[in-house]
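Taken straight from TrEMBL:
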- 286: active site, nucleophile (ACT_SITE)
- 358, 360, 361: Ca(2+) binding site (BINDING)
């Protein structure tokens, strides 16, 4: 009895010690669990945002009506009043996200969070985007007073909210800090953030190896720069009349420098999570397409758009509706930036996809004593500049950055030195160009606005109420030498700043009645856009074939197409199965797939089997590249299967293609049985197609698990480990106006205590949409929960 009592006392003491440790131990950049959960000072002390009618004193005249899914309908007397209202709502729903991104680009994240984000700051700080954004704003103040006033009004609206509501976001409470004041130039930082996400591709070392080791025939076959049979963005038949072919212009680009970031050890390395290793041929991006009145039941245009980005909560976009006397717009904004990236006004609609152009150059350096590099026959010292990075709770971190005339210095693990130049680090007028797009009333205004757009390159699909359609591949492409095909350049030769092509890539009113983009190559010509031939284009082919085949589209059918999960790479595998006899033990796989239509729905077994087969084939392609081609980068799955199915061409020395195919099926069956045993035929694809949406700070418990979902990397409704549609939108011309049908992959609010934090996720998963309220009279709005009046 006494022993039992002793055990209970010991257990009580141990549990008490564990509890004390748990409640006092600091959770990375956050406070202790004890501080986070107290009623007076913790997360529970954060007030919930109130509904109803709110009145706010302001010099601006506007009213904001927030509906039942959190979309603000902003009615202002002027464009600046509307910008003020958008700034107010962005701050209300997404300010933590805005501050995070602006600090990332400035290289000021560690002073806000902790030392675990040093890796991010060490990358961003030397680009000096903080200075560049200030200089761009000063130029706008002098040369574009209208746009400057618009940006300033937006900033005033952000700060109007912060001045009265600094403690409404629980994450600030968790960090033990308050929001910083918003500066007008912060809105310009987001261009570089998106450019990093969408243009920072550096595949050049792998490309150099391919060019050095393989003969021309093998390069053309496995890694073609001008692949045959691809569906380009601009129809080839339209090139002579609608596309201005490039000639060299006079827009000079600068060089930026930064030291190669090294791994920063930490318990919660948010810095590493924020940095991504980008491969040009990763095969993900976005979709947009537009069909004109000759291909729709209503005899009106329909435009569809679904960008594919890394999906978090909150996600990248925010839906908003703006109305002034002469200006009306609706669509998706990026919190922090007062323009609509995808949407419509009362005359035109537009949707975006990433251009996926190669905007990085690599230079191989000859280095001596870890401090000198050979340049024009002389040993030149690295340019050195020290950057001070403030770190929360710790002394300042001083980082020494080295650069050359070509760009930042990178030392790879094998000891080889390189210099890197990232063109998108230059100043950009993209935000202003998007402001002009919002005001455009026709194709001339739209296309003229995009001539000033630079980074990140985007494909803008276009439609208007007069049944015109078009597409613009907008952005600045470096005018590299005619022999440049992605190779590593010689860093010892004289450096001449590369100019941008004076080119405008567009198509307008094609004969076939539709246009689309899925991050594929814009056109086939002698201009180098990037290694598009090194990635699969199954998604682009699927979009083209579906659009070409059908004649009478309706909005519900367009919406269904956005949720399409058919993988047409199955056709190449069916050819493989027909060309090569399979051993009897693999017949179970062959029978599963030969009569299947490629529909990667979550509740089917064939999708599971096929995805295993597809991924195993990619691994075999890697082995093929290593053993036969003797290069690191594998050919695209498309080109690898083309080789296996090619009865006329074999590499010198011969290949036992039957043996390779047998290995693919053996490995597939082994993987299925090892993963699921003999019952693998009863397992459905949703077992492996599910994924998690993380909170933007990667805080456990604040994300969402998505299951029973289909699709893969090749389907229109893309589903990869990281990238998914962040929103879906369909813009329909209707009765001389434009009607939007939209859904967000999350919710309008970034506040974890908001009902709109993730209230649209289930509808997004199911492929459902909500109908927009694009009305000039606020009295016609429905389901309004909150009204905010400024006077």
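Cβ atoms are placed via backbone N, Cα and C, with glycine included.
Cα of residue 358 (Ca(2+) binding site) to Cα of residue 286 (active site, nucleophile): a span of 17 Å. Same-chain residues that are not part of 358, 360, 361 yet have a Cβ within 8 Å of the Cβ center of the Ca(2+) site turn out to be 201, 202, 204, 359, 362, 421, 422, 423, 478, 486. Listed in sequence order, 305, 306, 307, 308, 309, 352, 353, 354, 517, 518, 519 are the same-chain residues six or more apart from residue 286 (active site, nucleophile) with CB atoms under 8 A from its CB.
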